[in-house]
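Q: The following block contains the structure, expressed as structure tokens.
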Amino acid sequence: MSDTVDLKPVRTRAIDRYIFAGGSLSWAIAQWFLVWLFARVGDGAAAVGQYSLTLAIVTPVFIIGQLGLRTVYLSLQTSFTWKSYLILRLIGTGAAIVIIVAYYQIDPSANLPLLAAVVAVRCFDVYHDILYARFQRENRLLLIGLHSITNSVLTMIIAFAAIMLTHNIALTVLCVGIGSALVAASAQRYVLKVPRDPAAAPGGYRQILRAGVPTTISESLAALSLYLPILFLSVIADDATTGVFATAAYLLTAANLTGDTLKDIFITSFRWTFEESGARKLLRRAHKVSGVLIILVVVAIPIIIFAGSPVLEFIYGDEFALTHLELAVLSAAMIPVASSYIYEATLNVLNAYAGQAWIWFMACSLGVGVGFLVINVPGIPPMIGAMAVAFTTGWGRFIGALSLALSAQRRAT
């Protein structure tokens, strides 16, 4: 593979942004479709619980293996060759696989076929991630969106056929990897055709890792915070309860995906704003976008509280019902999620990588603290406890990101 970068980024059209966002949305729909299949065709809430717990174990580990390379590739002010990033991505993926193997040696009760299938699909996911970084650096959001939509459609078609034929969750997940492999091959064909950048320096592994390690810590802690409630439920509740929470918490997943998509969309224009107008103007833009997102979530809260349980029962089945109190806590946890990504994009542009790791460390520490209270204090319903963990980590993250963005802006002016 040639270590190249397109020197002439294309101007982003409105349709490109819509298709890019549609790609992320289609991926979210595909993931939800898998959960729905497991709930309806598999073993109901218990099957969803097993799948969600496996994701909770594998996802943070593979995010560690990503080494924050996509963010660094897009925002590091020194340019290094594509080959450097690719080598580091392969090393990180190998390390993630080793960690999962070690985990299974420690906990052999884990569902090995399902664990292996999820790991296989995650290997393709992290390769997509670094390929999409190439597209994004050239501002080719259209290509990312089209590949993501194709991957999502293939995922749903293959998953439906596989589970109907096998009624086996692990085999279904493994078959999903076929579509991911085809999309990766298509994306790589484009990368091979991109012209070389003579200004990119070879090597740079140490500098890339220096920038990437703090980002890796923050991104892995971010994933951990998303799955903390499920990990705690696995200790105090059965698979069925975990599955019920996982379906409801898909609202949090949707909020995270929305925020992550907006972060990817805005990070390039945020960088241009910073270069042209400075840090103060950059932060004003971040405040405006964040405020709009918070207002949109707050407006939706009454609908979630009063319509949430009937909708969940209709989609997944009667065993997935929730109380108004549970939905109220979940809704409150949603409020800051997407806005946090906007401030993280601001921090990336300001190259304030290390501070983000501290944000997530504090947020996860708060979540772990609440989780231990849930485990050790009698009388707390497991579902309320899990949602309290999600609430604590979400708001802790938002307050930390906002505070650090304000601090970084003052240092940059």
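Every residue, even glycine, has its Cβ placed from backbone N, Cα and C.
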Q: Select from 120-141, 142-163 the stretch of residues annotated by TrEMBL as transmembrane segment.
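A: Going through 120-141, 142-163 one by one, TrEMBL gives transmembrane segment for 142-163.
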Q: Among 51-74, 219-242, indicate the range for which TrEMBL gives the feature transmembrane segment.
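A: That would be 51-74, the stretch labelled transmembrane segment in TrEMBL.
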Q: With the transmembrane segment (18-39) as the reference, which stretch in 86-106, 142-163, 169-187, 327-345 has the largest tally of C-beta pairs below 8 Å?
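A: Looking at each of 86-106, 142-163, 169-187, 327-345 in turn, the most contacts to the transmembrane segment (18-39) are made by 142-163.
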Q: Six or more residues beyond either end and a Cβ under 8 Å away: which residues meet both conditions relative to the transmembrane segment (169-187)?
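A: Tertiary neighbours of the transmembrane segment (169-187) are 34, 37-38, 42, 47, 50-51, 111, 113-114, 116-118, 120-121, 124-125, 127-128, 131-132, 135, 143, 147, 150-151, 154-155, 157-159, 161-163.
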Q: Top stretch among 142-163, 357-377, 383-406 for CB pairs under 8 A with the transmembrane segment (327-345)?
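A: The stretch with the most close Cβ contacts to the transmembrane segment (327-345) is 383-406.
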Q: Other than its close neighbours in sequence, what residues sit by the transmembrane segment (357-377), given a CB gap under 8 Å and a spacing of at least six beyond its ends?
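A: For the transmembrane segment (357-377), the list is 214-215, 217-218, 221-222, 224-225, 228-229, 231-232, 235-236, 385-386, 388-390, 392-394, 396-397, 400-401, 404.
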